[in-house]
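TrEMBL has this to say about the protein:
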{"type": "BINDING", "residues": "B:G77, B:T78", "note": "FAD binding site"}
{"type": "BINDING", "residues": "B:C219, B:C224, B:C227, B:C240", "note": "[2Fe-2S] cluster binding site"}
{"type": "DOMAIN", "residues": "B:5-102", "note": "domain 'FAD-binding FR-type'"}
Amino acid sequence: MNESSRLKTTLLGIPMKSPVMTSSGTFGFGEEFADFLNLDELGGVFVKGTTLLPRRGNDGVRIAETPAGMLNCIGLENPGVDVFLNETLPRIAKYNMNIFVNISGGSAEEYGILAEKLDVDGVAGIELNVSCPNVKDGGIIFGTDPKAAASVVREAKKHTSKPVILKLSPNVTDITEIAKACEDAGADALSLINTLMGMAIDIKTWKPVLGNITGGLSGPCVKPVALRLVWQTAQAVNIPIIGQGGISTAADAIEFFLAGASAVSVGTANFVDPYATTKIIQGLDDYLEKNNLSNISELVGKLKMD
Amino acid sequence: MALPKIAVDASVIINEQVSEDVFRLELLCPEIAAYSKPGMFVQVRVDKGMLLLRRPFGIADVKDKSITVFYRVLGEGTKALTSVKSGDLLNVLGPLGNGFKTDAKRPLLVGGGMGLAPLLYLARFYQGKADILMGGRNKQEIFWEEYFRPYANNIFITTDDGSVGTKGFTTSLLPQLLTDTKYDLVAVCGPGIMMQLISDIAAKYDVPCQVSLEKRMACGLGACLSCAVDTKDGQRKKVCKDGPVFWAEEVQI
Ligand SMILES: Cc1cc2nc3c(=O)[nH]c(=O)nc-3n(C[C@H](O)[C@H](O)[C@H](O)COP(=O)(O)OP(=O)(O)OC[C@H]3O[C@@H](n4cnc5c(N)ncnc54)[C@H](O)[C@@H]3O)c2cc1C
Ligand SMILES: Cc1cc2nc3c(=O)[nH]c(=O)nc-3n(C[C@H](O)[C@H](O)[C@H](O)COP(=O)(O)O)c2cc1C
Ligand code: FES
């Protein structure tokens, strides 16, 4: 277990052993990875996208491997917020994780209702998913329009005492515009990026590989794009950024800190190596030690432009 | 209680071609071998080029410290696996999922193609008690017989072209077998359509039937929901965690 003070972070008023988190939809409810790491070493676990009512998700093939990445169109399959609150949350309480609940709604009001329901002990914060490319209702339509995104933030803030994080979509022309609108609306932090919309075609059958035709691209191949967006967003806002997209190693994570992220989150890499986050935490600590830095915060936004 | 899972660098004991497009891969990984049960699987990392996701393979045999898988060369990942040599390291995640029923009195194991791989370990578990019904397109695809021979009671063979055993499909032979012998379990693994038909026949003869499903997987741990399967009652389950072995009446095959 890593108890180094070099990685201690306080984000959104929450003390964390490290600024390394895990991304929604890639880490289940955390418990699935309990055999591999001490979950409380993580800064937080963003649990699977949760909706008001249970969702079955999409039909047909849900993932496809692509060069150094993958596409997914899970479609927010989840048991619904009530099952999460009554069954899942009590069950995972024993892991002492900072649990962030990623929520999706069909209207701004629905985000508000979800935020209110989740304003309970055991939930560290709420992440507003306005950027899921795989569902028709809700999701991405709120993430591509600054006004709509801001209204979702306001509605959530009104109904919860928990920190509210807005998850930004990369599938927009100017991410900073939406980032600023959400900051103005009261978002406590931003997380980015969600997946990039993509597709794959089977050349034997001439059909789309994915059941949903299109899906969200993630993994190492998206890292340069994610890094650029984090850097641009960091220039535009003053609230903390949780950087993600293709992070597999400590070196990847360091790039995101330098670009301006206050914390990083690991997604697809957990599939490749269930110990990925532990290795990143160790690697970050080694890097700080080698560079005589006493805390990870000394890296944040320190990109040199000369 | 879920068994402990682990991801380890396993040393390759042997990676040998056993038929035109099938390889047998034996891996030294005592931690995984210790908890493996018939029907469970592993996720093998193929660390080559731009490949990312692990590849799932059924556990086909377990010795003290090693596990064996059989893989068919299909796409990039399995192609890359063929060049792995004895002594190389492969990262293996497992053991994953839930296995077959192992306390039947008179089991019949039905396999087609690569579906025979997990059944091999199941046959060995039953120590000569299990009958095997295997199907393939032709004689080459029935190379499995020599692997099953030491562990099986009766072996029944069908081939599409009649080059060995009975001409036809496993489904053509099954009704006769279920009439002649009072089996208390049919365990089937193979192409979806075959499992569907076999389980329909088993149901008709009132013999409990287990199927082993395949879906594309990312995590293998129940975390990503890539591998969802429809259940008969309109819900969804995860093949990697709730399966890959299910009772036939539970799932939409
Ligand atoms: C639980 C389980 C057990 C399996 N056991 C065996 C076994 O014992 N022997 C064997 O030869 N094969 C087995 N398979 C199928 C095997 O995983 C695929 O053939 C293999 O992943 C193909 O990889 P590729 O890179 O060669 O093919 P590609 O087509 O290049 O693979 C692209 C992607 O699709 C996935 N994929 C392709 N075909 C399948 C498939 N049929 N099922 C699941 N994922 C697929 C790959 O894992 C990869 O993510 C099993 C699958 C599952 C789910
Ligand atoms: C299988 C899968 C499921 C996902 N589900 C969600 C989700 O429910 N909600 C969400 O906000 N993001 C979801 N994401 C996006 C990730 O949280 C993350 O933002 C993205 O994958 C980029 O990070 P990565 O490249 O490290 O995976 C999902 C990603 C994957 C691969
Ligand atoms: S493969 Fe991730 S849930 Fe089954």
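From the backbone N, Cα and C atoms, a Cβ is placed for every residue, glycine too.
Sequence features annotated in TrEMBL and their locations in the structure.
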residue	record	Cβ neighbours (10 Å)
B:G77	FAD binding site	19
B:T78	FAD binding site	18
B:C219	[2Fe-2S] cluster binding site	28
B:C224	[2Fe-2S] cluster binding site	28
B:C227	[2Fe-2S] cluster binding site	27
B:C240	[2Fe-2S] cluster binding site	28
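For the domain 'FAD-binding FR-type' (B:5-102), the model's pLDDT averages out at 96. B:T78 (FAD binding site) sits 20 Å from B:C227 ([2Fe-2S] cluster binding site), taking the Cα positions as reference. In this structure, the binding-site residues that sit close to ligand 3, with a C-beta under 6 angstroms from any of its atoms, are B:C224, B:C240, chosen from B:G77, B:T78, B:C224, B:C240. Cα separation, B:C240 ([2Fe-2S] cluster binding site) to B:G77 (FAD binding site), rounded: 19 Å. Each residue contributes its Cα atom, and for B:C219 ([2Fe-2S] cluster binding site) and B:G77 (FAD binding site) these two points are 16 Å apart. Taking CA atoms as the reference points, B:C224 ([2Fe-2S] cluster binding site) and B:G77 (FAD binding site) are 21 Å apart. Only B:C224, of the binding-site residues B:G77, B:T78, B:C219, B:C224, B:C227, place a Cβ under 6 Å from an atom of ligand 2. B:C227 ([2Fe-2S] cluster binding site) and B:G77 (FAD binding site) have their C-alpha atoms 19 Å apart, to the nearest angstrom.
Taking a Cβ distance under 6 Å to any atom of ligand 1 as the criterion, the binding-site residues B:T78, B:C224, B:C227, B:C240 reduce to B:T78. Secondary structure of the domain 'FAD-binding FR-type' (B:5-102), assigned with DSSP and counted as helix (H, G, I), strand (E, B) and coil, comes to 10 helix, 45 strand, 43 coil.
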